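Data block below; observations after.
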Amino acid sequence: MMKFKPNQTRTYDREGFKKRAACLCFRSEQEDEVLLVSSSRYPDQWIVPGGGMEPEEEPGGAAVREVYEEAGVKGKLGRLLGIFEQNQDRKHRTYVYVLTVTEILEDWEDSVNIGRKREWFKVEDAIKVLQCHKPVHAEYLEKLKLGCSPANGNSTVPSLPDNNALFVTAAQTSGLPSSVR
């Protein structure tokens, strides 16, 4: 069953990208197990929880709201991993945060309404699962592995004004210079 919100307002930035927010939800601060949820369109496929930002909503607040609705978890919002663009089928610009899960609800909005499931994956396994049908979601985890993990001391990312934000597009791969990673 597909999710539909009749009162949903889509928000777009100045360049026409749909504004989205998502979280990589980790079981612990070691960031070795990530929570994925089943897609509302294709229930046998796994995705990173996230969705559209509401008017006047900050990206971090939207990310926390989306994981609560889609994954039924609450947690400690951490660093902004990056802002990712998807240009192929739809123009999306997604703010992706790291969240350490502190509370797991037994029943949550999307499990009750559309039968959404959630499952913990080792990061390597999650990348493999996502690469087939959601390569941009796999890129979130690839970027995390490339040097934004807490182990290397880059645990905080300064907030950047919109015109100076770091963007990673779905077309870009591991050929990024180390200064961008």
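Any Cβ shown, glycine's included, is placed from N, Cα and C.
Feature annotation from Swiss-Prot assigns substrate binding site to ARG10, LYS18, LYS19, ARG20, SER39, SER40, ARG41, ARG90, LYS91, HIS92, ARG116, LYS134; the stated evidence is similarity to another entry. Taken residue by residue with DSSP, LYS19 (substrate binding site) is part of a strand.
Summarising the annotation, Swiss-Prot assigns domain 'Nudix hydrolase' to 18-145 and lists sequence analysis as the type of evidence.
Counting every protein chain shown, 25 other Cβ atoms lie within 10 Å of the Cβ of GLY50 (Mg(2+) 1 binding site). Feature annotation from Swiss-Prot assigns Mg(2+) 1 binding site to GLY50, GLU70; the stated evidence is similarity to another entry.
According to Swiss-Prot, the feature motif 'Nudix box' maps to 51-72, an assignment based on sequence analysis. Non-local neighbours of the motif 'Nudix box' (51-72) in the same chain are 8-11, 18-23, 25, 35, 37, 80, 95-97, 99, 104-111, 116, 118; each lies 6+ residues outside the stretch with a CB under 8 Å from one of its CB atoms.
Within 10 Å of the Cβ of GLU66 (Mg(2+) 3 binding site) there are 20 other Cβ atoms, across all protein chains. Annotation comment: Swiss-Prot describes GLU66 as Mg(2+) 3 binding site, evidence class similarity to another entry.
Secondary structure from DSSP puts GLU66 (Mg(2+) 3 binding site) in a helix. Residues or ranges marked as Mg(2+) 2 binding site in Swiss-Prot: GLU66.
For GLU69, the entry in Swiss-Prot reads active site, proton acceptor, with the evidence type similarity to another entry. The Cβ of GLU69 (active site, proton acceptor) has 18 other Cβ atoms within 10 Å, all protein chains considered.
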- Expressed in Å to no decimal places, the gap between the Cα atoms of GLU70 (Mg(2+) 1 binding site) and ARG116 (substrate binding site) is 7
- Residue among the binding-site residues ARG10, ARG41, LYS91, ARG116 whose Cβ has the most other Cβ atoms within 10 Å: ARG116
- Task: Give the distance between the Cα atoms of GLU69 (active site, proton acceptor) and GLY50 (Mg(2+) 1 binding site), rounded to the nearest whole Å.
- Result: 9
- Task: In whole Å, note down how far the CA of GLU66 (Mg(2+) 3 binding site) lies from the CA of ARG10 (substrate binding site).
- Result: 14
